[in-house]
Each structure stands twice: as C-alpha cells, then as structure tokens.
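Annotation comment: Swiss-Prot describes 1-11 as compositional bias 'Low complexity'. What Swiss-Prot lists as region 'Disordered' is 1-22. Summarising the annotation, Swiss-Prot assigns N-acetylalanine to Ala2 and lists a large-scale study or a structure entry as the type of evidence. Swiss-Prot lists 50-206 with the feature region 'START-like'. Residues or ranges marked as abscisate binding site in Swiss-Prot: Lys86, 116-121, 143-149, Glu171. Look at Swiss-Prot and you will find 112-116 tagged as motif 'Gate loop', backed by experimental evidence. Taken from Swiss-Prot, the feature site 'Involved in interactions with PP2Cs' applies to Pro115, Ser182.
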Amino acid sequence: MANSESSSSPVNEEENSQRISTLHHQTMPSDLTQDEFTQLSQSIAEFHTYQLGNGRCSSLLAQRIHAPPETVWSVVRRFDRPQIYKHFIKSCNVSEDFEMRVGCTRDVNVISGLPANTSRERLDLLDDDRRVTGFSITGGEHRLRNYKSVTTVHRFEKEEEEERIWTVVLESYVVDVPEGNSEEDTRLFADTVIRLNLQKLASITEAMNRNNNNNNSSQVR
C-alpha cells in the first residue's frame with residue numbers, strides 16, 4: 001500500500017472559466033481558536049479548496065479531539081469501515097479482494113429516514129504520512145450528486161499545558177445543490193451529518209486514548 005496516492009479528473013476549459021475557488025482558508029470555523037486556524041490555514045488552502053460553479057456548494061467543518069493524531073487517524077483512514085464513526089450507515093460492503101488504495105470502492109447502505117438508500121463511493125486520496133484522505137460518491141440511490149470530500153488530521157502540542165497533545169480534524173466537501181433545494185438547505189443538511197460524525201469520532205477516539213492510558217498505567221504499576 002502506497003503512503004500517498006491521489007487521482008483527479010480533467011476539467012472542461014469552458015466550465016473551468018466559469019468557476020470560482022472556495023475561500024475556506026480565509027474563514028475560521030467556529031470550533032477553532034485563532035491560533036489553531038492560523039496554523040491550519042496553509043493545509044486548508046492546500047487540501048480544502050474547491051472550484052465552484054453554478055448549482056454547487058461547499059463547506060468546511062472542524063473538530064477538536066483530546067487524543068493523539070495517530071489514534072484518530074487509525075479510525076479515519078479505514079475507508080472500508082466508515083460505520084465505526086459515521087452515523088446513518090447501516091452497513092458497508094467491499095469486494096473480497098479489497099485493497100485499500102486510491103481507486104478502490106465501497107458500497108454503503110444508509111439507514112431509513114434519510115433521502116438516500118445506497119451510495120457507491122470511491123477512495124480518491126490516501127496519504128498516511130500527512131494524514132489526508134478523501135472520497136467521492138460515484139453512484140447509488142441518493143440526492144448528493146457529484147459529492148466529493150476531504151478529511152485531514154492535524155497534531156497540536158503545548159508543553160506548558162497538562163494536556164499536551166490534541167488533534168484537530170478538518171472535513172470539507174463540495175456537492176451539487178439538488179433540484180428544488182437551496183444552497184443553504186443543502187449545506188445545512190450536509191453540515192449536520194458531518195458534524196454528528198465528527199462528534200462521534202471524538203467520542204470514540206478519546207475513549208480509545210483513555211483505555212490506552214489506563215493500560216499503560218497498569219503496566220507501570
């Protein structure tokens with residue numbers, strides 16, 4: 001498995017001329033401090049910038065997690081098991097010869113009550129060294145057309161504080177606005193789902209970290 005892989009599709013020149021770049025690196029998410037945002041701005045510009053055309057919208061969300069980035073990344077990188085921390089996923093199926101690398105796919109079944117039943121998703125980016133991953137929705141029964149997402153995991157450390165190491169997770173997306181919906185409605189729905197997922201990710205990985213610390217303490221004794 002390669003540490004860093006990515007792929008992209010060519011963009012039509014006429015379409016490209018009508019697009020504008022997102023400015024997520026200039027707008028601080030509400031869950032970040034100014035110091036965190038300053039340190040993350042370069043990564044946001046690099047990994048969380050999209051080209052927007054008519055009928056498209058995008059957003060960036062952040063989650064602070066009181067656990068080391070290695071622990072958080074061990075969960076986030078599992079393209080084959082999104083249900084570990086993602087709400088509303090009933091099951092995820094991959095092929096028998098599945099290998100986690102750019103281009104692999106998963107078939108996700110969504111719980112009832114959402115405007116979706118199934119989703120086929122493709123791994124677009126996986127960089128274990130920089131802790132970056134991304135996927136796009138390529139098919140299925142849902143309303144999120146041309147959905148593309150990137151998630152990055154970032155380490156923070158302050159020696160003078162008791163809790164020296166923590167993690168910030170950034171997740172962004174770009175998607176078509178469904179017919180009959182506004183950009184605001186589309187962002188509200190997608191943001192809510194992602195925010196719930198990130199909160200669950202924090203809960204799970206913080207518990208993992210506590211268990212690791214307890215085990216280490218027991219061994220020391």
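Glycine residues also receive a Cβ, built from the backbone N, Cα and C atoms like all the rest.
Features as recorded by Swiss-Prot, highlighted on the structure.
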residue : record                                     : Cβ neighbours (10 Å)
Lys86   : abscisate binding site                     : 17
Pro115  : site 'Involved in interactions with PP2Cs' : 12
Asn117  : abscisate binding site                     : 14
Ser119  : abscisate binding site                     : 21
Glu121  : abscisate binding site                     : 21
Leu144  : abscisate binding site                     : 20
Asn146  : abscisate binding site                     : 12
Lys148  : abscisate binding site                     : 18
Glu171  : abscisate binding site                     : 24
Ser182  : site 'Involved in interactions with PP2Cs' : 11
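Ranked by CA distance from Ser182 (site 'Involved in interactions with PP2Cs'), the recorded positions Lys86, Pro115, Asn117, Leu144 have Leu144 at the top as the closest. Taken residue by residue with DSSP, Asn117 (abscisate binding site) is part of neither helix nor strand, so it is coil. Between Lys86 (abscisate binding site) and Pro115 (site 'Involved in interactions with PP2Cs'), the C-alpha separation comes to 16 Å.
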